[in-house]
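This report concerns only the one structure given below.
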Amino acid sequence: MKQLTCEMCGSTDMLKQDGVFVCQTCGCKYTVEEARKMMIEGTVNVTGTVKVDKSDEMDNLAVLAERALKEGNYESAEHYYDSILKINPENWRANFYKSFCSTMQSKLINLASRFYTTLNAAQSSVQIIEKTEPIDCDSIIEIIDKITSLAILVFYNRFNLYQETESGWDFFETDYETIISNVLTFDLNAVVAKYVSNEIIQAVDSSYQELSETVSTINSYLFGSTNKYNVLMNDLFDSANKVIKESKRQLQKSKNDAYWNENAEKRKQLESESATLETQLKQLHVQVDPYDSEIKAWKKKRKTETPAVEEKKKLEEQISALNQQKSNLSLFKGKEKKALQAQIDELNSRLPTINESIKIEKKELNNLCDGKIKELEGAAKPLKDKIDAIEKRIKEIKKELTMDR
């Protein structure tokens, strides 16, 4: 008999717990039958098809991998993810994070070149996810977030290196734009995919904003706001932003169309109701327009001048003319001036009476016009109330038909 040895880590520290053998080093579990087979020496002949269930082993490896990843132990995490891939090559998480952990172990100077390998792993991982139904959008979002964070890490790493040693400028002349372009392309592929969701668009939009802010900060220091290279970067982000906005619009349109395809009868009823209301609205306006025209005429009449106003104007013109005659007389025409002044005084004495007449006439005119306007508005009110109610309902229908779903 051989000594019981863990197939995952090679440890011989095994302890039986709850009916199974548990490796005290890595936590891998073995049934009694599995342990017995592991301890048999020599060759065992097996005929027929044997299906080995390694789901427990996969679960154990996944727990160890995630724990190591969370702790920043990228070397161990890479080892566990690699072991998962050997069991299941179609595990997207192991496929992506094996490469991610490998990149995170790279020397800082090599981080940029390793980024492309992880980006390729991200693309292949998305392809694995796309084979499942329904598509796991949360997993795609997780990859987008990680790739964005990794790109920003690369940028600041090189930026700090350049600030400290003034070396590594070649990165900003070559890989810088390429990485930005590749990340944006990777992100935008998700927003134009058939499975795109609001959550994916939001994640891509967030990625876009983070990259944009990072690049803007670095560019303003390295190139200044007017540098052609900086302008090129802005154009790159502007183009990406247009794609994101269009994707949002198309996604919303698809949702709206899908809703109304499922509620075609409701749409038909609303459109029919709206058409009927529009007809009623036109008929009501035909009835109410004469009232509005007459009200407008009375409001205009209210502003007209009364006879007393006209009389006052003529009187003031006479007074003005007499004053002019008086001023034209020479110094020695005292008698003539006195006669003219008497006429002026007589005319001025009539002004208070005319002013009082103006007040009386204006009040009478206002009362007449206000009474007519009130009478017409009262007659038109039932019609206008109907118009208001119909217009309100038409707006409600329009909102219902055009609102986002």
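Glycine is treated like the rest: Cβ placed from N, Cα and C.
Annotated features in TrEMBL:
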| type | residues | note |
| --- | --- | --- |
| COILED | 237-287 | coiled coil |
| COILED | 312-400 | coiled coil |
| REPEAT | 58-91 | repeat 'TPR' |
Restricting to the repeat 'TPR' (58-91), report the mean pLDDT as a whole number.
94
Please give the sequence-distant neighbours of the repeat 'TPR' (58-91): residues at least 6 beyond its ends with Cβ less than 8 Å from one of its Cβ atoms.
8, 26-29, 97-98, 101-102, 104-105, 128, 131
For the repeat 'TPR' (58-91), DSSP counts of helix, strand and coil?
28 helix, 0 strand, 6 coil
